[in-house]
Structures are given as structure tokens and as C-alpha cells.
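Colleague: Pasting a structure here, questions to come.
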Amino acid sequence: MNLKQEKIAVLLGGTSAEREVSLNSGKAVLEALLKQGYNAHPIDPKEYNVANLKKDGFNRAFNILHGRGGEDGTMQGLLEQIGLPYTGCGVMASALTMDKMRTKMLWKAFGLPVADMKVVTRETFSELDPQAVVAKLGLPLMVKPSLEGSSVGLTKVKAVEELKSAVEYALKFDNTILIEEWLAGDELTVPVLDNQVLPAIRIVPEGEFYDYEAKYISDNTQYFCPAGLTPEREQALSTLVKRAYDAVGCRGWSRIDVMCDAKGNFRLVEVNTNPGMTSHSLFPKSAATVGISFEQLVVKILELSL
């Protein structure tokens, strides 16, 4: 299959809260494809009806949309309907992993380690008992929307009095909120490419946690790859991540975030099914340590499209 003879749509932008990040990722992917002689075109679903891709002569889509409408199964379903092969996870894995709560419940059912949590919805918010939550999960706590990506709507709660307002803030972004035990250990992210687990990256944010600012704007967030784990721990992490990837049905490529508790035990956090591909992005950083250039990575992801 010679993909250079195909007309490729690079899906970027979109309408989610992560539009800007997707535009940056898409630009980098598009440049890498054009540089290598691919017939690639930028397509922004905000301005173009993706249902017309096949009719307009496109053969394949490189989906680098982030967040709702691009990474949550809806775009995947549309592409399936028009019969256009696309990069990344399918409908089910994309929809499932967009929902952090249900992803964690599934992992838990598979016997995989996740943080202890309490789920609050818009409907149950009035019954929230901060004292009981703190008694069960301790302090500090992490409060986050279940569905929003890129660390939008997160709050670190250090006192019981702060819990309600943190949940109220998160409810601006989603109807389902997770209150989780605070994981005080290392923050790691682990890319998977074509069923191969790539080296983990350790993230050391300037602030208290890895939020939108640290992710996309700050140059003071530090990334370590290799992550400084012992070979045994790196292997254990790799095995855990592969099991987590398979449990939710990922394919092609994804990046899985993992936190350590104060004792160093791994806890699965979430799956990014369309990881960022900007200059700040972590997937390319990890791939580079095993000799895969950005251009090679983009082509590899494209070749894995189904």
C-alpha cells in the first residue's frame, strides 16, 4: 500500500476546549507529511463537513483532534460510516477513555491499580458530605471533571472547607466529577506505539501539579526520559501500561498517564488516545529516545490507520 498516492486529510482544530493545542499538533503533523512527499491537507471540522471527505477525494484521515468531538468516538463513528480509514483508536476505545470515571472502573474490574475516588454528579452534589469524603480519602484531594481533557477544571483541595467550591468549579466543565486521593509520588506518562510500549517520561511541573499552563505554555516544566526508574520498575510499568491499553481496547497509538503514591506504587490515571504532537509534546520526546524521529513517528502512526 503506497500511502503517498493517497489524498490524506489531517483533521485538526475542531470545537473542543483543546482546539488551540490540536491546531498546533495538526500543523506539526501536516508539515512532517508534506516534507516527506505525502499529499496531505489540513481539515478543520469547525469549518468543513467531514462527512464530505470521501466525496472530495480523500482516502484516509490522520486524526489529531483533541477532546470532545474528535477524540470521544463521535468523529471515529462518522469516519467509519463514510468508510474512511483513520489513525488511532476506534469508536469504543475513544468513547470509553474520554470518560475517566468509567475507564477507571473498567481497569479496577481487571484488577489494575487506580486511585481511590468518590464520584459526584450535578444531581448528587447537594448530598456531598465533605467530612465523610475526607475521612475516606484523606487530604489533600484532587478534584477533576470526568470528561474534559488537558487538565481543564482541576483543583488541589488542601482543606475540607475547600471541597465544595472545587467541585462547583469542576461542574462548570462537566456533569460528573471525580474526587480522588492525592497521589504524592512521581508523575509518569507512557506512550504505546503499535503495541510496543515506549520509554516512560517523568514529569516535574513547576507548580503543584501538571495543569493546562504546565502542559502547553510553561517552559519550566521538566521532563525526564529515561524517567530514572530502575530497570525492574520500568519493566513493571511497561507491563502495567500494556495491560491497561489492551483492557480499554486501544489501537495504533495512545499515551497512558500514571501516578505514583507516596510509597511508589503505580496508579493508572487516564488514556490519551490522540496524544499531543507539538514541540512541547511527550510522545515525540519518548519516541526520539529509541531513535524514532518526529517525521518517522508521523508516518508510522499513519501506516497503522485502519
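We count from 1, first residue shown onward.
Placement of Cβ uses the backbone N, Cα and C atoms for every residue, glycine included.
Sharing the features that Swiss-Prot gives for it:
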ACT_SITE  Glu18  active site
ACT_SITE  Ser150  active site
ACT_SITE  Ser281  active site
BINDING   134-189  ATP binding site
BINDING   Asp257, Glu270  Mg(2+) 1 binding site
BINDING   Glu270, Asn272  Mg(2+) 2 binding site
DOMAIN    104-303  domain 'ATP-grasp'
Colleague: Among the binding-site residues Glu162, Glu270, which residue has the fewest other Cβ atoms within 10 Å of its own Cβ?
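Modeller: Across Glu162, Glu270, these binding-site residues, the one with fewest Cβ atoms within 10 Å is Glu162.
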Colleague: Could you check which of the recorded positions (Glu18, Leu141, Thr155, Glu162) sits closest to Asn272 (Mg(2+) 2 binding site), going Cα to Cα?
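Modeller: Checking each of Glu18, Leu141, Thr155, Glu162 against Asn272 (Mg(2+) 2 binding site), the shortest Cα distance is to Glu18.
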Colleague: Would you count the other CB atoms within 10 A of the CB of Thr176 (ATP binding site), including those on all shown protein chains?
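Modeller: Thr176 (ATP binding site): 19 neighbouring Cβ atoms within 10 Å.
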Colleague: Compare the C-alpha of Ser281 (active site) with the C-alpha of each of the binding-site residues Leu141, Thr155, Glu162, and give the closest one.
Modeller: Thr155
Colleague: Cα of Leu183 (ATP binding site) to Cα of Asp257 (Mg(2+) 1 binding site): how many Å, rounded?
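Modeller: Leu183 (ATP binding site) to Asp257 (Mg(2+) 1 binding site), Cα-Cα distance: 13 Å.
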Colleague: Do any residues at least six apart in sequence from Asp257 (Mg(2+) 1 binding site), in the same chain, have a Cβ closer than 8 Å to its Cβ, and if so which, in order?
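Modeller: Asp257 (Mg(2+) 1 binding site) has long-range Cβ partners Glu187, Leu188, Thr189, Val190, Leu268, Val269, Glu270, Val271, Asn272.
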Colleague: Can you check which residue among the binding-site residues Val134, Leu141, Leu183 has the largest number of Cβ atoms within 10 Å of its own?
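Modeller: Comparing the binding-site residues Val134, Leu141, Leu183, the most crowded Cβ belongs to Leu141.
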Colleague: Rounded to an integer, what is the Cα-Cα distance in Å between Thr176 (ATP binding site) and Glu18 (active site)?
Modeller: 19
Colleague: Secondary structure at Glu18 (active site) (DSSP, helix/strand/coil)?
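Modeller: In the DSSP reduction, Glu18 (active site) maps to coil.
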Colleague: How would DSSP class Tyr169 (ATP binding site) in three states?
Modeller: helix
Colleague: Quick check on the recorded positions Glu18, Thr155, Tyr169, Asn272, Ser281: which one has the highest count of other Cβ atoms within 10 Å of its Cβ?
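Modeller: When each Cβ's neighbours within 10 Å are tallied, Glu18 leads.
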Colleague: Quick check: in three-state DSSP terms, what is Leu183 (ATP binding site)?
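Modeller: It is coil.
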